[in-house]
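Student: Below is the structure I would like to discuss, written out as structure tokens.
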């Protein structure tokens, strides 16, 4: 066959078109003349956001060609994290999936393709970006303020320029990767450029096509007189009624190769591209968007010339055919001019068609749609109708041309080779024309060769078990069709596809059997598993070759059985050939007929050693030769006893004849040795020794907990009885002699003398030794004495397994009957989930076909990652056939458009709104995971948020999870906000959470943070405690946090005392004693002891249970408890309150503030309830372990002060400490204020905002994109300005010290006081605008480094800055926003906390010595404000004025900001609140 030099084969194709999920459905619709442009209902249009005004407009056409599932994508398959998938242009998503299907259709696995693959693709401008993603952003911020990282990332995921390179990146393609943009002709131009690339040798295979989606999707369009769109919603090319086109959505691709290369590779060829051409209209036309008939004629004529064909041989043209009154006549004019060049008369008219009548105009994908339609016409030798064609547009003058329009489906009649042209013309003038030809007969027709005899192995794989199940069902359905493909071709086609992690291998006999097997939930002929990966290397290209991972195991005496491998002998010529060769050799040496012994069992006894050992050698040797024909090679051999001779023969130590002689002699001499017996014992070799009689010896160690002993029969019998009486499992081994013991000594001399006369060679494949349990050296292999000692020495099989299982992904193949050796391997301590075992032969009790078992085992090897050459099961001329493509998961990844709010919600930096559209990518991470440090908890949360997943495996590779360089930048930026120093490069060096955590923690260790400096030292107090002792409440014992528990009356004082003892002994901070030493406070931790701080009280008589009087009595006793505490060295005090008869009792706790923060209270609450539950159940109290105690943390604090992250903030704190210009209290109006206040010198004013006022605050938060704390502080600034005066006030704020600058400690379960305190300047002015004031506070809070932890370290621990900062006056006011206090429902549990959860926030006396403490919290839908003040320093009138003015200032601030005409603030983030509070606020924000 002559092959044109410039011919290109179409070897694969795929597409999704309106009304068609794939190419097969597309042809079905074309053949049936189905129009896939649908009418949209009014409800559909309303749901899509179409207004009533538009619906009422008569110019609005309610028609559209639609694609199903444009919001769905298999993100996991392509390695996209959910969040990245959500913002990826759906045009790119569909192109990715169709590209994969096209490669599958071509039988091309890019990973195995020997050559480069190019990509030429196109997509329309991203409507998803413009309509959906950017609707969540202020257009001024996007367009007018310059490019930022988030915007760049967003455009990278959506711009058409990145379509082709995205495919190349996803599939690891190395050829040219070109995005093509010529408007409507783009996808056909892409095909042309791909052909040129193939012809020039730039690539060896190419993908070409286009993707176009109309978004919004389920909407109509507007028409107007003279426009190019149809007023009736039908595209009617060439018809007299043609009034325009209808734009639609679709995607299509073809896979191309040079024709000669495709034929040589045996590819299936759908059609042949004989030539193509492109040009441009230039300016000789009515306008930029108008067509040019002369240019169109030129491009068609040039394509004919390039193809080397005469236009008279073209019998069909797929036209651009838009159905416009202007475009169609011009196109026919150009066609007529191009075809009139021919001087050859035509035998029949040339048929015209346009797929736009079926599916509309697919914009940039229009050309590929026409090309695929035409290829299908060539394959099916038929031409579908051009819909809506009744009579020609007279402007076409078809009667003066060689053309006719196909108006109904019919055969493609042709005298010679079928040829067709495909045109595509773009707005702007780029024209393209491709000449197609039907595939050569030799390539298009399935070979008439008979189906090969015997079963086939069907291989399927998928990324998930669910996808594999869908593939099985779809394949079964395809095989059940009447004209289904040949089974051997199905197996061949599937074997050429790329393999995924979840695999299935099925041994099937015919199509009906295959369908049954595929549909069965379980079947003996099916193996389903996961590919084994090296735990260190995974899928990396530099991982060990699969042959090095494979180890062949050859069983020995005892594995034999009559009929073994009979099915293989009868059906596999290779096996039979090698069996016969060995059998002939053994017949010559021993006179034994192994055919009769093995297959019939009629000769003598296969249990006899002189029969069984030759039989095993013959079967296993033939089996190894058979598996070798399938390309399976091993990197090492282990033989068990006799099996070691088979291993050595295959490794080249013995030639076959020498091996047969050696095994024959060995078997005869062993048979002639004194009889004995053997038993397997469930004990290790050391443990079994104490039970052994004198003449019983260790014979084999198969795994560390099992061994075999051997000796005389009577002594073995006695041993069995003794072991049975001791309860030790013991079982008989099929053996007639005491093998591998000194009982074999008499034969050794004769055997060694024989071997010394034989030639032994070093092995070609490494061997493990039964004798030593390690690798055989060349010297050992060729030494006859070693082989002789093996006979009488114990087999150290467990040690051999110890060696091979040290490699993380070994594949152990038992090459022989049964599965005893692989069974021992799976019991070995080094066995792991990355190891695999495969058994090539059935167990004697299994009633299954030998060949099916063998082929299924080959399938298991393939599943484990071993390359299997399936050629022996292929027909002489295999063919690719059309089979269902990969069943991509249909998971929704979509951001709905937002038509009302432009401002971007925090956390939606990549274009998605706050939260997620479908809930599938919520990134909520539990901060209490076993085995994770605080560093890892934070990194886990950051990774989850950036990847858009709910959790991340700590050992998963960041880049395998879909991470890339841009996401690495996002993670580094997020980590910086958490106080962790990470660079994007760190993720390349440490790509797992575990390794990155270790690296981050190691950086702390380098600064002396990893270990306490002195293990036995009494630690100094941390900075916050120093602050408290230095400047806080004078009667330090009074600073207490109260908790109330309600107890079932059956709980007595012994129970309470036991619980409190357990909790106090569990948490060292609760045993804290402070000791002053020369002006320096030290912490002493008392030894665990019984809790003695429990007193007992009763509710007064006559008070009813549950009454208000009882509540008042309980609160009164609690108040007395708090007042009575004067000693700070009793961190926990408690009182039990016995209530009225039959009513609940109460337990009141008073916890010193020095040992508790919000997290500590949660820990204590959990532990107390847990301890009570265990106590009441009669169990020992066992609480969850504490990884790092308070004492250890305190020892590390000094090192934190010299950490670079803290030292880097020195200038910030020194500068800010001098900014205050206004003080609420006189510095020292009289001497007594130089001392901290006593509890009785503090008083409180309380107020509550109504639910409506609080809602106003929430509305302000949403509108201004500012945190609650920011708004409250701004209102505080206004309040101070109005009541005290204008200036800058220093305000003390709180931070969360647990989660910042984390050393290598785990504080998740540590009880202690980790709250940090730091000052910030607050501007107080009456003339400052509301938005300006909010911005000023926002920027102040945003600038605070590391939640303020560095301030305390530099103030109280680091001496150089301590002197400077200590000279500054303590801020007058302390502000604390405690967030939302939950309401606990009352229940009937025996132990439950008081439902009033405001008590621990509301009641504690301020302890930090400020003139004013403003404590704000949310409860019951209202905002509560507690103003505590030092009566010595703040006049009551001032305090009352502040309390009275604040709500008014807050309301005025919000109203003024709302009334502003525009917002000016930066909405990139909300900072400044305690971490937990910030998360609560963010989660409650509206998506828009």
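Keep in mind that glycine also has a Cβ here, set from the backbone N, Cα and C atoms.
For reference, Swiss-Prot lists these features for the protein:
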ACT_SITE  184  active site, for beta-ketoacyl synthase activity
ACT_SITE  320  active site, for beta-ketoacyl synthase activity
ACT_SITE  361  active site, for beta-ketoacyl synthase activity
ACT_SITE  641  active site, for malonyltransferase activity
BINDING   1286-1331  NADP(+) binding site
DOMAIN    5-438  domain 'Ketosynthase family 3 (KS3)'
DOMAIN    930-1004  domain 'Carrier'
REGION    551-868  region 'Acyltransferase'
Student: With every protein chain in view, what's the tally of Cβ atoms within 10 Å of the Cβ of residue 1292 (NADP(+) binding site), excluding that atom itself?
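Tutor: Looking across every protein chain shown, the total is 21.
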Student: DSSP says what for the domain 'Carrier' (930-1004): how many helix, strand, coil residues?
Tutor: 45 helix, 0 strand, 30 coil
Student: If we count other C-beta atoms within 10 Å, could you say which of the binding-site residues 1322, 1328 has the fewest?
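Tutor: Across 1322, 1328, these binding-site residues, the one with fewest Cβ atoms within 10 Å is 1328.
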Student: May I ask for the distance between residue 1310 (NADP(+) binding site) and the residue listed as 'active site, for malonyltransferase activity', taken between their Cα atoms and rounded to an integer number of Å?
Tutor: 58
Student: Relative to the Cβ position of residue 361 (active site, for beta-ketoacyl synthase activity), how many further Cβ atoms are located within 10 Å?
Tutor: 28
Student: Within 10 Å of the Cβ of residue 1316 (NADP(+) binding site), how many other Cβ atoms can be counted across all chains shown?
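Tutor: By my count, 23.
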Student: What are the sequence-distant neighbours of residue 641 (active site, for malonyltransferase activity), meaning same chain, six or more residues apart, C-beta distance under 8 angstroms?
Tutor: 556, 557, 739, 740, 770, 790, 795
Student: For the domain 'Ketosynthase family 3 (KS3)' (5-438), what is the mean per-residue pLDDT, to the nearest integer?
Tutor: 93
Student: Checking the recorded positions 361, 1286, 1292, 1316, 1322, which are within 10 Å of residue 184 (active site, for beta-ketoacyl synthase activity) at the Cα level?
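Tutor: The recorded positions passing the 10 Å Cα test are 361.
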Student: Any idea which of the recorded positions 320, 1298 has the thinnest Cβ neighbourhood at 10 Å?
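Tutor: Taking 320, 1298 as the recorded positions, the minimal 10 Å Cβ count falls on 1298.
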Student: For a quick check of understanding: among the recorded positions 184, 1286, 1310, which residue's Cβ has the most other Cβ atoms within 10 Å?
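Tutor: Of 184, 1286, 1310, the one with the most crowded Cβ is 184.
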Student: How many whole Å apart are the CA atoms of residue 1316 (NADP(+) binding site) and residue 320 (active site, for beta-ketoacyl synthase activity)?
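Tutor: Cα-Cα distance, residue 1316 (NADP(+) binding site) to residue 320 (active site, for beta-ketoacyl synthase activity): 71 Å.
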Student: Listed recorded positions are 320, 1286, 1292; which of them have CA atoms within 10 A of the CA of residue 361 (active site, for beta-ketoacyl synthase activity)?
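Tutor: Checking Cα-Cα distances against residue 361 (active site, for beta-ketoacyl synthase activity), the recorded positions within 10 Å turn out to be 320.
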Student: Cα-Cα, whole number of Å: residue 1322 (NADP(+) binding site) versus residue 320 (active site, for beta-ketoacyl synthase activity)?
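Tutor: With the alpha carbons as reference points, the distance is 69 Å.
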Student: Taking DSSP three-state, what's residue 1298 (NADP(+) binding site) in: helix, strand or coil?
Tutor: coil
Student: Rounded to a whole number, how many Å is the Cα of residue 320 (active site, for beta-ketoacyl synthase activity) away from the Cα of residue 1298 (NADP(+) binding site)?
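Tutor: Answer for this pair: 67 Å between alpha carbons.
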